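Summarising the annotation, Swiss-Prot assigns ATP binding site to Gly13, Pro14, Thr15, Ala16, Val17, Gly18, Lys19, Ser20. Taken from Swiss-Prot, the feature substrate binding site applies to Thr15, Ala16, Val17, Gly18, Lys19, Ser20. Residues or ranges marked as site 'Interaction with substrate tRNA' in Swiss-Prot (evidence: sequence analysis): Thr104, Arg127.
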Amino acid sequence: MDKPAKRIVMIVGPTAVGKSDLGVYLAQQLHGEVINGDAYQIYRHMDIGTAKITPKEMQGVPHHLLDIADPTVAYSVAKFKKAATAMIDTVADRQQLPILVGGTGFYLNSLRLNLPLGGKAPPTAIRQRWQVALATNGQSWLWQQLAQRDPDAAQQIAPANTRRVIRALEVGELTGRRFSDQPQPAPLFSTLVIGLTTDRAVLYDRINARVDAMMQAGLLAEVEQLLKTVPADAQAMQAIGYKELVPYLHGQAELADCVALIKQHSRHFAKRQLTYFRNQMPTHWFDLVAHPEDKNAIVTLVQQWLKQR
């Protein structure tokens, strides 16, 4: 099979390792434009808690798919894939290198692998049966059902992504074939994946410091303002850094406890991100925290890859 003609670079990794800065640097060095690959940075008015890059930090580099959705509206991986595919085509048609930057693994992998999404809806009865089973038994039980029927699909889908777990179970029932055995379309793009990481203790210290900086920058006020128009149970409000502050704003928790939870959840999320990228994507890893000079090696790696045919 011939390789796809269009090429994209993905910069992945856990929170707080410098993905946004590297995206700008690569774009400057390689005639690129940055496309957001973070599930929550697509929302307007969610800037501090998502660590959204600022116009000053962009240094004139075009950035796309930021602030494209209202936080009252649910977004999906299918919507992201469609929007990102169109934007990649636009950037590539300008003879610029599309550089996707983000930490939402499933969003990025759906694009890299051209995963089939948003297909024919299954019969309501099947969906309702699994939803009732989820409500009765919990998400861990639901995921175990998928793991027993389709271990490969279970490895690709987090237990917390219950909508996707149910979808995989439905497809298995509808077709009589495992979700992971469904015909897969060919990739639309040739992809080079650059991963950033660092020593775990250093990473956790950086995460804790970032949360403190977010609080000082006005995260609490940002969440309070959002709650004036966005329900607390909205998809956007489930983002780490937002959901933890809601109890304080409702007079149900102490602020220090909520901030501690943000740090804890952020550390746990970083661990899950690393696990996903290591297991699910062919990633070239670098530690720019310990070795900032390696960014030039990354430029060289990308240049050599772009020359390959």
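Each residue, glycine too, has its Cβ placed from N, Cα and C.
Candidates Ala16, Val17, Gly18, Ser20 (binding-site residues) were compared with Thr104 (site 'Interaction with substrate tRNA'); none lies inside 10 Å Cα-Cα. In sequence order, Gly13, Pro14, Asp21, Ala51, Gly103, Leu196 are the same-chain residues whose CB sits within 8 A of the CB centroid of Thr15, Ala16, Val17, Gly18, Lys19, Ser20, the residues recorded for substrate being left out.
Rounded to a whole number, the C-alpha distance linking Thr15 (ATP binding site) with Arg127 (site 'Interaction with substrate tRNA') is 34 angstrom. For the recorded site, Gly18 (ATP binding site), the DSSP three-state label reads coil. A distance of 40 Å separates the Cα atom of Gly18 (ATP binding site) from that of Arg127 (site 'Interaction with substrate tRNA'). For Arg127 (site 'Interaction with substrate tRNA'), the nearest neighbour among the listed binding-site residues (Pro14, Ala16, Val17, Lys19, Ser20), judged by C-alpha distance, is Pro14. With all protein chains in the displayed structure included, the most crowded Cβ environment within 10 Å among the recorded positions Lys19, Arg127 is that of Lys19. Long-range Cβ neighbours of Gly13 (ATP binding site) (same chain, at least 6 residues apart, Cβ-Cβ under 8 Å): Lys19, Gly103, Gly195, Leu196, Thr197, Gln273, Leu274, Phe277. The sparsest Cβ neighbourhood within 10 Å, among the listed binding-site residues (Pro14, Gly18), is found at Gly18.
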